[in-house]
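Reviewing the structure listed below.
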Amino acid sequence: MLTRRLLGILRSWRLQGRNIRGRIYINFQGINAQLSGPRKDAMDYANWVKEDERFAPTYIQVSPSPRGHAFPRLKLRYKPSLVQVCEDSDSLPLTDPTARAVPLTPKQWREKLEKRHDALTKGAGEVSNLENVKKVLLLDVRNRYEWDVGHFQGAQRPEVECFKSTEFGLSDEKEVEADPLAGVDKENTEILMYCTGGIRCDVYSTILRKKGFKNLYSLRGGVAKYLKEEGASQWNGRLFVFDSRLAVPPAFYHGEPAADDTSSSTSAIARCLTCGSEVEPVHRNCANLDCNNLYLSCAACTAKLRGCCCSECMEAPRLRPVLGQDETYQRWHNYRDPPPPPPRPPGWVSRRALKRRRRKERRKEEERLKHTGASEVHCSSGGESSSEQANPSFVHQV
């Protein structure tokens, strides 16, 4: 009840007349918001939220959007789950800090990564160093297309399409090829979790706690805050974000334009899905409406496959037009086939045909009344003539 009341306050007061677009999701567990707009309008909203003592520790991520708004519209909704996960989030103790992973500052995170990297490179032949490396595991809880654009060195590629299908560490089997947590010593292994802004780590770490993992650490503020405070140290590529920018270079978080970001670590990681060549990290959706795969593609493969991710999708019955590099598809319902018309009952007449029938009936009625009126006038005029002839004196007097 309180959250729905807060939604009404936001709609009627705090967001009224402000140039803000984005997504604001709220429930009894907290707020998950991603906004774009002029700095004054966006920060007024953020500061108003932080005035509540329950949201005072909230960290506000700020990054530039050179092309204006990063979202097409504003969505303000109550959602039962702030983040879609593989199990019911209502039963997760998300508001309990002890149930979540221990947050590390970007500096502490970098120091742990450097220590792990040094042990892996400098003392690879020593058994003790290898044992130390095995005791620290780097876990990327994002999606595969986010990893393809950029990730921390040593993080395994997550073979998942969406966060809801993430099931790392949930299987009881000792060896699962796509699970980096399979067979891991839950008591003695440090799990370093990271995501874009930190909220997915907060949610998923509570699930891992229930599965028995003891040493869980997360990057406070996510990769976005790390790039802003520590730069691209131990990071390869760009950062995928869920708005119109899609792939943001690390230089953005320091107020530098994308053109100035010429370091090799920000571009060499992105490769075309079809030919494997290095490409500018620009994502596109498959032109096949039933596939809609989000992938990286070079210009040559895009033209060759007509915007599809593979040759099989080129033969699909429902294909969307090929878009330019900076264009995006509209919502999927704009391209779907119209539904078939409902069956017509016996004697059914369309509205247009019914209107034509009524107009025709009105014209017939008007013609009938006109013909009847003309006959009556003719008869009355004949009678007047006869009366004039019979009484000429009366007519003269008049």
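Note: Cβ is positioned from N, Cα and C throughout, glycine not excepted.
TrEMBL lists 337-346 with the feature compositional bias 'Pro residues'. Cβ atoms under 8 Å from those of the compositional bias 'Pro residues' (337-346) belong to residues 318 of the same chain, restricted to positions at least 6 beyond its ends.
What TrEMBL lists as compositional bias 'Basic residues' is 352-362.
Positions annotated as compositional bias 'Polar residues' by TrEMBL: 382-398.
If you take every residue in the domain 'Rhodanese' (132-235) and average the pLDDT, you get 87. The domain 'Rhodanese' annotation in TrEMBL covers 132-235.
Annotated region 'Disordered' per TrEMBL: 331-398, in sequence order.
With helix defined as DSSP H, G or I and strand as E or B, the domain 'Rhodanese' (132-235) counts 33 helix, 19 strand, 52 coil.
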